[in-house]
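First up is the structure itself, then whatever we jot down about it.
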Amino acid sequence: MSWQDKIAQGLQRRRDAAAYRTRQVNEGANGRWLQSGERQYLNFSSNDYLGLSQNDEVIAAWQQGARRYGVGSGGSGHVTGYSQPHARLEQQLADWLGYPRALLFISGYAANQAVLTALTDADDRILADKLSHASLLEAAAHSPAQLRRFQHNQPEALQNLLIKPCQGQTLVVTEGVFSMDGDSAPLAALQQQTSAAGGWLLVDDAHGIGVHGEGGRGSCWLQGVQPELLVVTFGKAFGLSGAAVLCQEPVAEYLLQYARHLIYSTAMPPAQACALQAALRQVQQGDALRQQLQQRIRQFRTAAAHLPLQLGASKTAIQPLLVGDNQQSLIWAEQLRAAGLWVTAIRPPTVPPGSARLRITLSAAHQPEDIDRLLEVLYGLCH
């Protein structure tokens, strides 16, 4: 088989399964609205949970940072790319979340890959929730450690793995809020079991930070848990991009020595770190935004419970409507788009086979009439 045949067959498999991914060129796609071509859509696919991507203070901080520091960092943080804005942001994050240290990464994907590959050796094991994000499962699979996956959000399933002997160290991996189902992990139970077995817990709270907990401190704070490793990302509630790993002092120093994704990547622009400091202030002062988001979630769930579709058991901004069939989910997403509503159909392999869904994400930027319009069209599609 030639390279051309290999590529053609792989593409055809995705087409045959109605799982072919495409990208859409948009003029703007954050907060409440999405502009595509000549048409404006109500955006129910963004992770901009608090609408901060359009916040005037955050935008101004980026602009001011760019004027002072330029638009790039100029190198790895280990060479010339680590500046005062980076150091200030790391300290502010550490103080806010109650950890001695924070390390910045260019993305949540890079942070997860770096931590799992840097910390583990061949005699270690990683025990991961089976529905963990692709960045976690891929990193675990490529790490030198043995990977075992436990049933989603089932502490007893984790316990059955923990009681088995391990020559090295054990790292338990989960998410605070799961990105496709919107449900939350039982973090207190997972931490108790992990600690009792002498292991460490890593929580990726990409979808919880900024939204849950006192002052937006996230899922771990909400559940009274402090994992040994906390990954927070800035592409959701913070409205920007990038990530940080929160940990103890020796762990941070270890990652600075061994985390290749950190050592060999150009650091985020200082201007971005300035904008993230402004976003952090907005998150810390964002109780009204979080309350508004919770109102939108309650409004949607109250009415969506009467739809003839399975509504996920989510109390978060991620509200999945299970369709099942790949092609049907695409048809409904297109019909919603025709009605001026941007909702994404999520299909395998992103989710398990037979669980294609309309993944609806809500934002504090949405107005009550936006939710009403979405529900009106959904009722029309189902009846």
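The backbone N, Cα and C atoms fix where each Cβ goes, and this holds for glycine too.
Residues Gly108, Tyr109, Ser179, His207 are given by Swiss-Prot as pyridoxal 5'-phosphate binders; from Thr80, Thr120, Thr194, Thr233, that same site also lists Thr233.
Annotated substrate binding in Swiss-Prot involves Arg21, His133 plus, out of the candidates Thr316, Thr350, the residue Thr350. For the recorded positions Tyr109, Ser179, His207, Thr233, Lys236, a Cα to Cα distance of within 10 angstroms from His133 (substrate binding site) holds for Tyr109, Ser179. If you measure from the Cα atom of Lys236 (N6-(pyridoxal phosphate)lysine) to that of Gly108 (pyridoxal 5'-phosphate binding site), you get 11 Å.
Distance from the CA of Ser179 (pyridoxal 5'-phosphate binding site) to the CA of Thr350 (substrate binding site) is 10 Å.
Shown in sequence order, Arg14 are the residues of the chain, 6+ apart in sequence, with a C-beta less than 8 angstroms from the C-beta of Arg21 (substrate binding site).
What surrounds the pyridoxal 5'-phosphate site, by Cβ distance within 8 Å of the Cβ centroid and not counting Gly108, Tyr109, Ser179, His207, Thr233, is the set His133, Ser135, Asp204, Ala206, Val231, Gly235, Lys236, Ala243 from the same chain. Of the residues the record lists as binding pyridoxal 5'-phosphate, namely Gly108, Tyr109, Ser179, His207, Thr233, the two whose Cα atoms sit farthest apart are 13 Å from each other.
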